[in-house]
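Copied over from TrEMBL, here are the features:
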| type | residues | note |
| --- | --- | --- |
| TRANSMEM | 14-37 | transmembrane segment |
| DOMAIN | 15-465 | domain 'Major facilitator superfamily (MFS) profile' |
| TRANSMEM | 153-178 | transmembrane segment |
| TRANSMEM | 184-201 | transmembrane segment |
| TRANSMEM | 213-233 | transmembrane segment |
| TRANSMEM | 239-260 | transmembrane segment |
| TRANSMEM | 281-301 | transmembrane segment |
| TRANSMEM | 321-341 | transmembrane segment |
| TRANSMEM | 353-375 | transmembrane segment |
| TRANSMEM | 381-400 | transmembrane segment |
| TRANSMEM | 407-426 | transmembrane segment |
| TRANSMEM | 438-460 | transmembrane segment |
Amino acid sequence: SQHWLATGRASPRLVLVVVFVALLLDNILLTVVVPIVPTFLYTTEYEGANSSVSSALPEPTPAAPRAPPFSPVLSSFDNTTVELLNGTGSSTPGHPPSTPQTPPGGCLEGGEFLAQENTRVGLLFASKALVQLLVNPWVGLLTNRIGYHIPMFIGFTIMFLSTVMFAFSGTYTLLLIARALQGVGSSFSSVAGLGLLASVYPDDSERGSAMGIALGGLALGVLIGAPFGSIMYEFVGKASPFLVLAFLALLDGALQLCILQPSRISPESTKATPLSTLLRDPYILVAAGALCFSNMGVAMLEPTLPIWMLQTMCSPQWQLGMPFLPASISYLIGTNLFGILANRMGRWLCSMIGMAVVGISLLCVPLATNIYGLIGPNAGLGFAIGMVDSSMMPIMGYLVDLRHTSAYGTVYAIADVAFCMGFAIGPSTGGAIVRALGFPWLMVIIGVLNMAYAPLCCLLRSPPATEEKM
């Protein structure tokens, strides 16, 4: 076993497996809450308040006429209070049926609550990225001093605590704290993981393929998260998906202990370029902007699309995570396919086409009238973001090799900051824009923004080396 461990610690492929699993679990937790939080808050706050008011009302007298049958599209979130039997409603003992204030479209009542919830859910989702945004630069500096192994293990520990907290949080405040804690753990895992990959794969072509596979872990996490969360929450309960993830996180920690030796300090062999110098490099900023704006589109969809589906499509709870399924499958295909192809066709061209397709896909989302109409736009969105991510992540390492010193912690902290800015600005502003202008206009704004930014990727076609004039 000691010989196997020694061989494994020297193998770049096993390092790739460790990074893949860490990104996988991080992004399952990132998206598993997408279908759970809006319905959980609706159930505990809106319906909870209404049921307490209803229970204070006097019992109806026996002579009262029988209430007309309920609409068959009553709330699907409180199955303990109302049952729909053959198209007629029957209430459980002790809870007299209240007159449903169902709007003419037959969707959920409480339209004003849902409108306000857009903002609250957006802030909750954005809190993870905001915290990650603040922590990333410090993690980049830490990896330059002590290496990547210890920060990776710190990330696992914090992610495990966050997952357990999600399982047992019953209020909006506790969910917000758990989400912010996840941002800290995710910062350690992402920055250290991508920097570790860049260091063990010095060849640019191999690095691009490895980054594509690692981002496939991110894609698989997003793919599994939302449908897994919606189904487990509907049929097992709120805590169940998080307890499963906590168990898988323990397995990831054991894998890291075996492969990475997180007790060993191994600083970078070359002195890292200062963060301020990298932030003044226009080519790094262009690559970071492409990561930010392309991911901002899906970040705006996460809190707003489920609520828009509740309001316009009257979707049952288990369907709310399903539109993200085609996006995740196509992202998984895109990252693995273009991790290899992007180097051949030109990563700048691959990224430019990807951003244009992101914009077109977002413009098509509001045209859907049912869940099936969301399949095409979301699949195009996921595939296009996969093109951008699998192109820009290797370019970040290449730019540091070409124009600075080959220490990767700081530049991947910048890449992760760009990624997080998309996921911070997107949900936090998306809810406010939906409330002011409506969901279709939100998609138009972010779609046009991506299409306008795409031509800037031409600047990355042949960036000059350090000794050349910019």
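Any Cβ shown, glycine's included, is placed from N, Cα and C.
Curation does not apply to TrEMBL; its annotations are automatic.
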Fill in: Segment-level pLDDT (mean, integer) for the domain 'Major facilitator superfamily (MFS) profile' (15-465)
76
Discussion item. Counting Cβ pairs closer than 8 Å, which of 14-37, 213-233, 438-460 has the most of them with the transmembrane segment (281-301)?
Written reply: 438-460
Item to complete: Quickly jot the same-chain residues contacting the transmembrane segment (14-37) by Cβ under 8 Å, restricted to those at least six beyond its ends, or write none.
Response: 8, 121, 124-125, 128, 152, 155-156, 159, 162-163, 166, 175, 179, 182, 185-186, 189-190, 193-194, 196-197, 200, 210, 213-222, 224-226, 228-230, 233, 238, 241-242, 245, 248-249, 252, 255-256, 259-260, 302-303, 306, 317, 320-321, 324
Response to the item:
Ranking 153-178, 321-341, 407-426, 438-460 by Cβ pairs under 8 Å to the transmembrane segment (381-400) puts first 321-341
Discussion item. Please identify the stretch among 153-178, 239-260, 321-341 with the greatest number of Cβ pairs below 8 Å relative to the transmembrane segment (213-233).
Written reply: 321-341
Worksheet item: Which residues, given as numbers and ranges, are at least 6 beyond the ends of the transmembrane segment (407-426) yet have a Cβ under 8 Å from it?
Response: 125-126, 128-130, 132-133, 136-137, 139-144, 148, 183, 187, 190-192, 194-195, 198-199, 268, 270-275, 278-279, 284, 287-289, 291-300, 302, 392-393, 396-397, 399-400, 446
